[in-house]
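Below: one structure, written as C-alpha cells.
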Amino acid sequence: MYPAHLLVLLAVCVSLLGASAIPPLPLNLVQFTYLIQCANKGSRASYHYADYGCYCGAGGSGTPVDELDRCCKIHDDCYGEAEKMGCYPKLTMYNYYCGTEGPYCNTKTDCQRYVCACDLQAAKCFARSPYNNKNYNIDTSKRCK
C-alpha cells in the first residue's frame, strides 16, 4: 500500500471517531412540524415558533412572555416528564394523522403515546394562541430572567 493511501485511511478513521461523539439530531422534529401545520391549517409556518419568546426553541428560562410562549413551556415540561418515564422525546417517532378535525395520534407504545400527546397539545395550543411579532427573536438575556 502506498503511503498516501495510508494517510487517507488514517484521516477517514480519525474523522469517524470524531463523528461518533456528535449527538443525534431530534428525529421527531419533522413530525412535530407537521402536527403544527395541521393544527393551524397552514396559517403560519412552523419555523416561526423556533425562536419565539423565552421557551419556544432551544432551552428556556424565566417567565413566558405570553400565551404562545406558555404553550412552549408546557411542551418543554411535558418532554421533561417523558424523560422521567424513561422516554427520549426528541428521538421518539410516532404515528399521527391530519384529519378534517385536525391532527391526532395513533401510536402503540407508552412512550410514543406520551410524546405524541405532548406534541399534539403544543400544536393545538399554538393554533389557538395569538402570535405577537414583537416576541419573535427577542433578547432572552434581558427578557427571560
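Using the three backbone atoms N, Cα and C, a Cβ is placed for every residue, glycine included.
Residues or ranges marked as signal peptide by Swiss-Prot on the basis of sequence analysis: 1-21.
Proximity of C38 (disulfide bond) to non-local residues of its own chain (separation of 6 or more, Cβ distance below 8 Å) is seen for C98, G102, P103, A123, given in sequence order. Look at Swiss-Prot and you will find C38-C98 (among others) tagged as disulfide bond.
The annotation disulfide bond is assigned in Swiss-Prot to C54-C144 (among others). Over all protein chains present, the Cβ of C144 (disulfide bond) has 18 other Cβ atoms lying within 10 Å.
Using a 10 Å radius centred on the Cβ of Y55 (Ca(2+) binding site) and all shown protein chains, the other Cβ atoms total 25. What Swiss-Prot lists as Ca(2+) binding site is Y55, G57, G59, D76.
C72 (disulfide bond) carries a helical DSSP state (H, G or I). What Swiss-Prot records for C56-C72 (among others) is disulfide bond, and it gives similarity to another entry as the kind of evidence.
The local packing around C71 (disulfide bond), expressed as other Cβ atoms within 10 Å of its Cβ over all shown chains, amounts to 25. Annotated disulfide bond per Swiss-Prot: C71-C125 (among others), in sequence order.
Taken from Swiss-Prot, the feature active site applies to H75 (among others), supported by similarity to another entry. The Cβ of H75 (active site) lies under 8 Å from the Cβ of Y55, C118, D119, Q121, A122, C125, each on the same chain and at least six residues away in sequence.
DSSP gives C118 (disulfide bond) a helix state. Among the features that Swiss-Prot reports, disulfide bond is placed at C78-C118 (among others), with the record citing similarity to another entry.
Here Swiss-Prot flags C87-C111 (among others) as disulfide bond, drawing on similarity to another entry. Residue density at C87 (disulfide bond): 20 other Cβ atoms are found within 10 A of its Cβ, drawing on all protein chains shown.
Among the features that Swiss-Prot reports, disulfide bond is placed at C105-C116 (among others). There are 25 other CB atoms within 10 A of the CB of C116 (disulfide bond), with all protein chains counted.
According to Swiss-Prot, the feature active site maps to D119 (among others), an assignment based on similarity to another entry.
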Inter-residue Cα distance where the pair is C54 (disulfide bond) and C78 (disulfide bond), in Å: 16
The binding-site residues listed are G57, G59, D76; by CA-CA distance, the one closest to C105 (disulfide bond) is D76
Using a 10 Å cut-off on Cβ-Cβ distances across all protein chains shown, tell me which of the disulfide-bonded residues (C105, C118) has the largest neighbour count. C118
